[in-house]
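Look at TrEMBL and you will find 21-213 tagged as domain 'DarT'. Residues or ranges marked as NAD(+) binding site by TrEMBL: His25, Phe26, Thr27, Arg62. Annotation source TrEMBL lists active site, proton acceptor at Arg62. Look at TrEMBL and you will find Glu163 tagged as active site.
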Amino acid sequence: MRRKINNMSSIEDLIAEKGITRICHFTRSNKLPHILSKESGIVANTELDDQIELLSQNDPLRLDGKQDYVCCTIQYPNTWYLRKIKDKDPLFKQWVVLLINPKLAALSTTLYCHRNAAASHGAFIKEGVEGFAGMFKQSVQGQRIITRTPRMLPCCPTDDQAEVLIYKNISRSAILGVAVPTEEQARIEKARLRFVGGVPEDIPFIIAPDLFEVTWSGAVRNGQVPSEILYREG
(Lines of atoms letter the chains of each structure in order from A and count residues from 1; the text may use other names and numbers.)
(Lines give C-alpha, C1' and ligand atoms only; values in the text may rest on other atoms or scores of the structure.)
Protein backbone atom coordinates (compact mmCIF):
# COMPACT_ATOMS: atom_id res chain seq x y z
CA MET A 1 0.00 0.00 0.00
CA ARG A 2 1.40 3.35 -1.02
CA ARG A 3 1.99 5.68 1.91
CA LYS A 4 0.13 8.98 1.69
CA ILE A 5 2.37 11.92 2.54
CA ASN A 6 0.42 14.85 3.92
CA ASN A 7 2.35 16.69 6.63
CA MET A 8 4.96 19.42 6.86
CA SER A 9 7.69 17.15 8.25
CA SER A 10 7.51 15.00 5.12
CA ILE A 11 8.42 18.06 3.03
CA GLU A 12 11.41 18.53 5.31
CA ASP A 13 12.27 14.86 4.72
CA LEU A 14 12.12 15.37 0.95
CA ILE A 15 14.36 18.43 1.22
CA ALA A 16 16.94 16.34 3.08
CA GLU A 17 16.61 13.31 0.81
CA LYS A 18 17.12 15.37 -2.33
CA GLY A 19 20.09 17.25 -0.89
CA ILE A 20 18.46 20.66 -1.27
CA THR A 21 20.67 23.19 0.48
CA ARG A 22 18.95 26.47 -0.41
CA ILE A 23 16.26 28.33 -2.25
CA CYS A 24 17.12 31.35 -4.39
CA HIS A 25 15.76 34.84 -4.97
CA PHE A 26 17.43 37.34 -7.29
CA THR A 27 17.28 41.11 -6.90
CA ARG A 28 19.03 44.30 -7.93
CA SER A 29 22.19 44.84 -5.95
CA ASN A 30 21.07 48.32 -4.90
CA LYS A 31 18.37 46.65 -2.79
CA LEU A 32 20.92 44.79 -0.67
CA PRO A 33 21.38 47.56 1.93
CA HIS A 34 17.63 47.71 2.51
CA ILE A 35 17.24 43.92 2.68
CA LEU A 36 20.24 43.22 4.90
CA SER A 37 19.83 46.13 7.31
CA LYS A 38 16.39 45.02 8.52
CA GLU A 39 15.27 41.71 10.02
CA SER A 40 12.20 41.83 7.76
CA GLY A 41 14.59 41.02 4.90
CA ILE A 42 12.90 40.37 1.56
CA VAL A 43 9.26 41.44 1.62
CA ALA A 44 6.35 40.68 -0.70
CA ASN A 45 4.89 43.41 -2.90
CA THR A 46 1.94 43.93 -0.55
CA GLU A 47 4.31 44.55 2.36
CA LEU A 48 6.35 47.29 0.67
CA ASP A 49 5.95 50.65 2.37
CA ASP A 50 8.66 52.57 0.53
CA GLN A 51 7.71 54.33 -2.71
CA ILE A 52 11.13 53.71 -4.26
CA GLU A 53 10.82 50.02 -3.47
CA LEU A 54 7.36 49.95 -5.03
CA LEU A 55 8.74 51.43 -8.23
CA SER A 56 11.60 48.96 -8.44
CA GLN A 57 9.82 45.64 -7.94
CA ASN A 58 11.31 42.72 -9.88
CA ASP A 59 7.85 41.72 -11.11
CA PRO A 60 5.27 44.50 -10.65
CA LEU A 61 2.63 42.67 -12.74
CA ARG A 62 2.71 39.41 -10.73
CA LEU A 63 0.65 37.47 -13.24
CA ASP A 64 0.51 34.60 -10.74
CA GLY A 65 -1.86 36.72 -8.64
CA LYS A 66 0.23 36.21 -5.49
CA GLN A 67 1.25 39.75 -4.57
CA ASP A 68 1.61 38.72 -0.92
CA TYR A 69 4.26 36.09 -1.67
CA VAL A 70 7.98 36.25 -2.46
CA CYS A 71 8.96 34.19 -5.51
CA CYS A 72 11.91 31.82 -5.15
CA THR A 73 13.37 28.82 -6.92
CA ILE A 74 15.03 25.70 -5.57
CA GLN A 75 18.83 25.41 -5.55
CA TYR A 76 19.41 27.62 -8.63
CA PRO A 77 17.83 30.90 -9.77
CA ASN A 78 15.35 31.46 -12.58
CA THR A 79 18.05 32.86 -14.84
CA TRP A 80 15.65 32.96 -17.80
CA TYR A 81 13.42 35.49 -16.06
CA LEU A 82 16.46 37.38 -14.78
CA ARG A 83 17.71 37.70 -18.35
CA LYS A 84 14.31 38.96 -19.45
CA ILE A 85 14.09 41.76 -16.89
CA LYS A 86 17.76 42.69 -17.37
CA ASP A 87 17.01 43.22 -21.06
CA LYS A 88 14.23 45.63 -20.09
CA ASP A 89 16.67 47.73 -18.05
CA PRO A 90 20.05 47.37 -19.81
CA LEU A 91 21.55 50.34 -17.95
CA PHE A 92 21.38 48.51 -14.62
CA LYS A 93 23.73 45.55 -14.75
CA GLN A 94 24.38 44.66 -11.10
CA TRP A 95 22.22 41.83 -9.81
CA VAL A 96 22.68 39.37 -6.97
CA VAL A 97 21.16 36.03 -6.01
CA LEU A 98 20.16 35.67 -2.37
CA LEU A 99 20.69 32.15 -1.03
CA ILE A 100 18.02 31.26 1.52
CA ASN A 101 17.48 28.55 4.13
CA PRO A 102 15.48 25.75 2.45
CA LYS A 103 13.45 25.19 5.63
CA LEU A 104 11.20 28.02 4.45
CA ALA A 105 10.06 25.72 1.64
CA ALA A 106 8.49 23.46 4.27
CA LEU A 107 6.37 26.11 5.99
CA SER A 108 2.63 25.45 5.96
CA THR A 109 2.02 28.79 4.22
CA THR A 110 4.42 28.07 1.35
CA LEU A 111 3.08 27.39 -2.15
CA TYR A 112 4.63 25.52 -5.07
CA CYS A 113 4.44 25.43 -8.83
CA HIS A 114 6.06 22.82 -11.07
CA ARG A 115 6.67 25.53 -13.71
CA ASN A 116 6.81 29.33 -13.75
CA ALA A 117 4.02 30.35 -11.37
CA ALA A 118 2.78 33.08 -13.72
CA ALA A 119 1.68 30.47 -16.28
CA SER A 120 -2.09 30.63 -16.85
CA HIS A 121 -2.28 33.32 -14.14
CA GLY A 122 -1.26 30.99 -11.35
CA ALA A 123 -3.53 28.07 -12.26
CA PHE A 124 -0.82 25.47 -11.54
CA ILE A 125 0.10 26.68 -8.06
CA LYS A 126 -0.41 24.05 -5.35
CA GLU A 127 0.16 23.64 -1.63
CA GLY A 128 1.37 20.86 0.62
CA VAL A 129 3.44 17.79 -0.15
CA GLU A 130 1.63 17.20 -3.43
CA GLY A 131 2.73 20.62 -4.65
CA PHE A 132 6.31 20.19 -3.48
CA ALA A 133 6.75 16.66 -4.83
CA GLY A 134 5.12 17.67 -8.11
CA MET A 135 8.14 19.82 -8.94
CA PHE A 136 10.33 16.70 -9.09
CA LYS A 137 8.20 14.36 -11.21
CA GLN A 138 9.97 12.45 -13.98
CA SER A 139 8.12 14.56 -16.58
CA VAL A 140 6.24 17.84 -16.19
CA GLN A 141 4.26 20.01 -18.58
CA GLY A 142 5.73 23.47 -19.04
CA GLN A 143 5.71 25.33 -22.35
CA ARG A 144 6.64 21.84 -23.53
CA ILE A 145 6.99 18.48 -21.80
CA ILE A 146 10.20 18.49 -19.76
CA THR A 147 11.75 15.22 -18.60
CA ARG A 148 14.47 14.56 -16.05
CA THR A 149 17.69 13.13 -17.41
CA PRO A 150 19.21 10.00 -15.79
CA ARG A 151 22.10 12.00 -14.30
CA MET A 152 20.18 15.12 -13.27
CA LEU A 153 21.01 16.45 -9.81
CA PRO A 154 18.20 15.31 -7.48
CA CYS A 155 18.14 18.69 -5.73
CA CYS A 156 16.87 20.43 -8.89
CA PRO A 157 13.21 20.53 -9.97
CA THR A 158 12.40 18.99 -13.34
CA ASP A 159 11.50 22.39 -14.85
CA ASP A 160 14.26 24.92 -14.20
CA GLN A 161 11.64 27.64 -13.69
CA ALA A 162 9.63 25.79 -11.02
CA GLU A 163 8.83 28.15 -8.16
CA VAL A 164 8.43 28.21 -4.40
CA LEU A 165 6.31 31.07 -3.07
CA ILE A 166 7.10 32.25 0.47
CA TYR A 167 4.33 34.09 2.30
CA LYS A 168 4.82 37.76 3.28
CA ASN A 169 8.59 37.92 3.76
CA ILE A 170 11.92 36.15 4.06
CA SER A 171 13.66 37.29 7.22
CA ARG A 172 17.26 38.42 7.12
CA SER A 173 18.22 35.59 9.46
CA ALA A 174 17.08 33.11 6.80
CA ILE A 175 19.50 34.52 4.22
CA LEU A 176 22.51 32.19 4.08
CA GLY A 177 24.60 34.15 1.60
CA VAL A 178 24.77 36.39 -1.46
CA ALA A 179 25.90 35.10 -4.86
CA VAL A 180 27.50 37.46 -7.38
CA PRO A 181 28.97 36.82 -10.84
CA THR A 182 32.45 38.27 -10.26
CA GLU A 183 35.04 38.84 -7.56
CA GLU A 184 34.99 42.54 -8.40
CA GLN A 185 31.28 42.81 -7.68
CA ALA A 186 31.74 40.96 -4.39
CA ARG A 187 34.40 43.48 -3.39
CA ILE A 188 32.20 46.44 -4.35
CA GLU A 189 29.10 45.12 -2.58
CA LYS A 190 31.01 44.35 0.62
CA ALA A 191 32.58 47.82 0.62
CA ARG A 192 29.21 49.49 0.06
CA LEU A 193 27.53 47.57 2.87
CA ARG A 194 30.16 48.68 5.41
CA PHE A 195 28.56 52.13 5.35
CA VAL A 196 25.08 50.80 6.11
CA GLY A 197 24.07 50.44 9.73
CA GLY A 198 22.57 47.17 10.88
CA VAL A 199 24.07 44.95 8.17
CA PRO A 200 25.68 41.81 9.67
CA GLU A 201 29.36 41.54 8.84
CA ASP A 202 29.38 37.76 8.54
CA ILE A 203 27.04 37.23 5.58
CA PRO A 204 29.05 35.18 3.05
CA PHE A 205 29.49 36.32 -0.53
CA ILE A 206 29.80 33.60 -3.15
CA ILE A 207 31.39 34.09 -6.57
CA ALA A 208 29.14 32.05 -8.87
CA PRO A 209 29.16 33.25 -12.49
CA ASP A 210 27.28 30.16 -13.70
CA LEU A 211 24.22 31.16 -11.67
CA PHE A 212 23.80 34.23 -13.87
CA GLU A 213 23.84 32.29 -17.15
CA VAL A 214 21.25 29.80 -18.40
CA THR A 215 24.02 27.29 -19.12
CA TRP A 216 23.81 26.01 -15.52
CA SER A 217 20.78 23.99 -16.64
CA GLY A 218 22.84 21.80 -18.95
CA ALA A 219 25.37 21.20 -16.20
CA VAL A 220 22.88 20.01 -13.58
CA ARG A 221 21.12 17.80 -16.13
CA ASN A 222 24.48 16.14 -16.72
CA GLY A 223 25.05 15.63 -13.00
CA GLN A 224 27.52 18.50 -12.66
CA VAL A 225 27.50 21.11 -9.89
CA PRO A 226 28.16 24.65 -11.20
CA SER A 227 31.27 26.33 -9.82
CA GLU A 228 30.91 28.46 -6.68
CA ILE A 229 33.77 30.02 -4.70
CA LEU A 230 33.58 31.69 -1.30
CA TYR A 231 34.80 35.29 -1.57
CA ARG A 232 37.62 36.11 0.82
CA GLU A 233 38.82 39.66 1.31
CA GLY A 234 42.50 40.47 1.04
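Even glycines carry a Cβ here, placed using N, Cα and C.
Around the Cβ of Thr27 (NAD(+) binding site), the number of neighbouring Cβ atoms within 10 Å comes to 19. Neighbour count (other Cβ atoms within 10 Å of the Cβ, all protein chains): 22 for Phe26 (NAD(+) binding site). Here the domain 'DarT' (21-213) returns a mean pLDDT of 90 for the predicted model. The DSSP secondary structure for Glu163 (active site) is strand.
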